[in-house]
Amino acid sequence: MVSLPHPSVLHGAVSAPCFCCRKGKDQFDNLEKHTQWGIDVLEKYIKFVKERTEIELSYAKQLRNLSKKYQPKKNSKEEEEYRYTSTRAFLATLNEMNDYAGQHEVISENMTSLITAELTRYVQELKQERKSHFHDGRKAQQHIETCWKQLEASKRRFERDCKEADRAQQYFEKMDADINVTKADVEKARQQAQLRHQMAEDSKAEYSSTLQKFNSEQHEHYYTHIPNIFQKIQEMEERRIVRIGESMKTFAEVDRQVIPIIGKCLDEITKAAESVDHKNDSQMVIEAFKSGFEPPGDIDFEDFTQPMKRTVSESSLSNSRGDGKSEPKFGSKSKGKLWPFIKKNKSPKQQKEPLSHRFNEFMTSKPKIHCFRSLKRGGAGPEDFSNLPPEQRRKKLQQKVDELNRDIQKEMDSRDALTKMKDVYIKNPQMGDAASVDHRLAELGQNIEKLRLEVQKFEGWLAEVEGRLPARTEQSRRQSGVYEAQNASGVNSCAQDRESPDGSYTEEQSQETEMKVPATDFDDEFDDEEPLPTIGTCKALYTFEGQNEGTISVAEGEMLYVIEEDKGDGWTRIRRNEDEEGYVPTSYVEVYLDKNAKDVHKPLQKISE
């Protein structure tokens with residue numbers, strides 16, 4: 001019998017028994033769990049960076065929306081307000097915030113490309129490498145276990161053959177000692193014993209060879225193969241740790257790279273804030289809103305102890321007619337308020353039209369047409385800006401002229417471009433039909449002509465205003481802007497008599513300054529004037545609040561009489577009854593003209609039916 005030692009191996013500081021290499025398998029299981037945990041940590045970090053990039057994108061989007069929300073709208077009144085230094089600084093802040101948002105988008109893009117994408121690709125490679133290493137480890141483990149099984153089988157076979165040889169030897173000796181056994185039987189027993197001994201020797205040699213082979217394989221397994229696999233797993237794990245550290249460094253560097261640009265954005269915001277000039281803004285407000293009116297002069301003392309004579313001073317705000325003298329209106333109460341420093345609106349049906357306006361109405365034969373000809377729907381303001389003070393009106397007219405000239409230049413540029421295109425088509429017919437642009441050229445010519453007519457119209461109004469503003473005598477300088485405007489032009493008398501500097505129509509005479517003009521034959525003739533005959537009826541399509549003088553309020557669905565149809569100025573003159581008449585926008589009513597209509601007030605309900 002051969003005594004077999006129990007093989008063992010030392011791997012590092014751990015003594016591992018050979019049988020099934022159990023401890024080696026345990027180490028592989030532990031390493032497999034640890035490396036999987038490392039990959040999970042890496043994937044968790046990737047998820048963290050992804051969420052950070054989403055936050056950066058969301059923040060950048062919100063900043064851009066915020067900047068866009070407070071940007072001035074083009075071609076709006078709000079855009080004009082950005083000429084002040086304070087609002088320009090705010091606009092610069094909005095633009096810098098837009099750039100600031102762009103830097104957060106850069107952070108998101110860089111983190112996605114340098115960290116998320118790289119680590120995601122690296123994780124896939126890491127998983128493949130880990131799988132390969134543990135596959136090699138399992139293969140080596142299976143090989144050593146197979147060698148161990150072969151050794152065990154050889155050992156058991158050797159043990160069995162030894163026992164068989166021992167029994168054959170004992171049987172031979174028994175047969176040889178028995179005198180009753182024939183010589184042939186003894187010889188057969190001896191041959192059998194020799195055969196068994198030979199088989200035992202062969203099993204011994206095989207077992208010895210298998211044992212040596214196993215010991216060699218086991219040494220290679222624990223001292224070469226397994227250490228190499230563990231070393232590769234260790235290097236793989238160290239690379240993972242280094243990679244996640246480098247990614248964290250990149251995470252910080254991506255932020256650090258945009259800090260200088262963000263700092264420049266903040267510096268520009270600070271610079272814009274320092275550019276705010278309160279003096280300049282105040283001066284711009286003064287230039288924008290100065291009216292051009294001269295302050296009123298002193299009012300002369302009126303001595304009521306003398307016979308009823310009232311001399312109006314040159315600087316009085318009273319809008320006198322004729323020789324500048326009139327009697328005060330009895331029963332009036334002084335309120336101490338003079339136009340243009342007050343605003344007093346009255347509905348046409350609540351007040352009686354002043355005699356001076358009635359005189360203008362009589363002389364022009366087309367009452368109030370200049371007051372309302374250019375009014376927009378709803379009474380927004382006249383086209384010639386006559387509702388504004390002289391200086392403001394001049395500025396608005398100049399702006400309008402400049403705007404129209406720019407439009408003319410654009411149309412002319414378009415016409416020149418089309419003309420050149422037409423010349424090219426004429427020279428090279430294969431490129432296009434020259435006649436195809438004729439229609440557009442004709443349209444551009446018509447547009448240019450219309451714009452030029454508009455420019456001439458506004459330039460005429462501008463010349464009229466500039467002719468009144470510059471040179472004034474000392475006496476006229478002491479007159480109020482109202483008095484000067486009222487006597488400058490009969491065409492604009494209505495608008496300038498009844499409009500305050502803020503653009504609203506007012507009955508400018510307070511009870512203190514309201515004057516009574518002595519009755520004349522003209523007054524009698526004017527008062528006895530017969531009302532205009534009705535020429536049809538109309539139905540109000542919308543409710544209109546007639547807050548300006550000369551207009552009349554109507555309710556939706558109301559039936560009224562038409563006394564003067566639209567003359568091209570956008571207004572229709574209507575009458576509710578003998579005492580209530582005025583203008584309404586033509587677009588607000590549906591007119592039913594009656595060619596045979598007479599001045600007979602039919603019941604409106606029947607007319608509507």
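Residue 1 is the first one shown; counting continues down the chain.
Backbone N, Cα and C atoms are what each Cβ position is placed from, and that goes for glycine too.
Whatever TrEMBL says is automated annotation, not expert-curated.
Per TrEMBL, the features are as follows:
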- 12-281: domain 'F-BAR' (DOMAIN)
- 172-203: coiled coil (COILED)
- 310-337: region 'Disordered' (REGION)
- 387-464: domain 'REM-1' (DOMAIN)
- 394-454: coiled coil (COILED)
- 471-517: region 'Disordered' (REGION)
- 486-495: compositional bias 'Polar residues' (COMPBIAS)
- 533-594: domain 'SH3' (DOMAIN)
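Residues 154, 157-158, 160-162, 164-165 of the same chain lie 6+ residues outside the coiled coil (172-203) yet bring a C-beta within less than 8 angstroms of a C-beta in it. Look at the domain 'SH3' (533-594): DSSP puts its residues at 3 helix, 29 strand, 30 coil.
DSSP states for the domain 'REM-1' (387-464), grouped as helix (H, G, I), strand (E, B) and coil, give 72 helix, 0 strand, 6 coil. Averaged across the domain 'SH3' (533-594), pLDDT in this predicted model comes to 87.
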